[in-house]
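Q: Got a structure for you, written out below as structure tokens; questions coming shortly.
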Amino acid sequence: MKLSHLAAALSAQLVAPVAAGYLRQDILTAGTLRNTTVPAAPNEDLNQIVSDSQLLSLHRTICEIESVSNHESTVGEALIKYLGEHDFTTEKQIVPVDEDDDSTDERYNVWAYPKGSPKPKIILTSHIDTVPPHINYSLHAPEGDFDRANITIKGRGTVDAKASVAAMIIAALDHMKESPDVPVGLLFVVSEERGGTGMIHFSDSELNTSPPFFHTLIFGEPTELKLVDGHKGNLRFDVEAKGVSAHSGYPWLGHSAISEILPVLARIDGLGDIPVEDGGLPSSEKYGSTTLNIGTVRGGAAGNVVPESASASVAVRLADGTVEDAQDIIRKAVADASGGSKNITLKFPDDKAYPPIDLDTDVDGFELLTVNYGTDIPKLDIHDEDSDVKVKRYLYGPGTILVAHGVDEGLTVGDLEKAVEGYSKLIDAAVKRG
């Protein structure tokens, strides 16, 4: 082979997968982030830029610590130390490890408030756990001309939700410098990614008083620096089918559980597209259609055995109505599709189900956004029924959910810094409430 031909062949082999990688990333993130690594501009030290910033260095510190759900103790210790060094009184709220995990870590929620102010009227809260696997923190210079704001920070938790944690802390510290008695508290919870155990624990604790001592809750999640006016509800259920096993050559001697469950799943799969009057799940102008995801399907032992059991798990994102109404619609749909078969069982094991959550947006200067993902917000019961002052709930944060939980999770320095301004604006509005 001629040298020129060899060079061309090698070039094609190298370029093709790279091009495919760019295309995939562009589709996944809709142009939000590019999966590229460009050398930094001359004389620009990315690590030094981070080290010179209180915000960026705090964010790096907590993102470099692995804190997959049920293993949050180390990042909790780092936050306790940092907040204690910056005039916060800190408390650990021990949270038992989830039953299905064998971790021996003593993990806990971090509750912090300015010294002498144990009952702050404003609470900023986010979560310190992440989904697996841990991905190392890394810095990536922008394409083309160097712009500090366009440095990309990648790694697990850099967006969801340690960006919110870091920005909240700095926003609170900035207010404390100007007004040491600002009534702001910080609550960083564990296990948001595993059902909200941390927030449920706080909700059930003596800190969640009736009536509340706080009048404003500011939640942190990736919202693209927009103020969220609400998110869909959440409901989960399982479908199980029973059959009778037999040799596949003589199927009439048995009864297929998979044949039982298939028409039921087909009916379930379309409930979000069917009008309510025809037996479907509700939609709304604000949240759009209710969506269903058949996340797992299991059944059978082998291809030559009539299956004696089958099951499926389903997640529902509710766009309107109550959990109870949705469950009734699902029950009727399953009964209709199965012909009332006693071989089909429907189970609603999730006692954490909730309807759509409407949030406050009465602070000027923000774009508004409605999101489909769930949060810890419905896990915190607010006991303000008999209070003259109703608790306001805001949801805001840097980064986009489109990259959260993915291999390219990340955000820009500019977005992280703008989040401090956004949280400060929300704190200012809350302070004016008294």
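Each position is counted from 1, following the chain as shown.
A Cβ is built for glycine as well, from the same backbone N, Cα and C atoms used for every other residue.
Annotation comment: Swiss-Prot describes Glu192 as active site, proton acceptor, evidence class similarity to another entry. The feature Zn(2+) 1 binding site is assigned by Swiss-Prot to Asp160, Glu193. The feature Zn(2+) 2 binding site is assigned by Swiss-Prot to Asp160, with similarity to another entry given as support. Swiss-Prot lists Asn35, Asn136, Asn150, Asn343 with the feature N-linked glycosylation site, giving sequence analysis as the kind of evidence. Summarising the annotation, Swiss-Prot assigns signal peptide to 1-20 and lists sequence analysis as the type of evidence.
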Q: Among all the protein chains here, how many other CB atoms are within 10 A of the CB of Asn136 (N-linked glycosylation site)?
A: 10
Q: Using the structure shown, find which entry in Asp160, Glu192, Glu193 (the recorded positions) has the sparsest Cβ neighbourhood within 10 Å.
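A: The recorded positions Asp160, Glu192, Glu193 were compared, and Glu193 has the fewest Cβ atoms within 10 Å.
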Q: Provide the number of Cβ atoms within 10 Å of the Cβ of Asn150 (N-linked glycosylation site), excluding the reference atom itself.
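A: Total other Cβ atoms inside 10 Å, all chains included: 16.
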Q: Quick check: of the recorded positions listed here (Asn136, Asn150, Glu192, Asn343), which one has the Cα closest to that of Asp160 (Zn(2+) 1 binding site)?
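A: Nearest candidate: Glu192.
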Q: For Glu192 (active site, proton acceptor), which of the glycosylation sites Asn136, Asn150, Asn343 has the nearest Cα in space?
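A: Nearest listed residue in space: Asn136.
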Q: In Å, rounded, how far does the Cα of Asn343 (N-linked glycosylation site) sit from the Cα of Asn150 (N-linked glycosylation site)?
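A: With distance taken Cα to Cα, Asn150 (N-linked glycosylation site) is 58 Å from Asn343 (N-linked glycosylation site).
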Q: What's the CA-CA gap between Asn136 (N-linked glycosylation site) and Asn150 (N-linked glycosylation site) in angstrom, rounded?
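A: So the Cα of Asn150 (N-linked glycosylation site) lies 20 Å away from that of Asn136 (N-linked glycosylation site).
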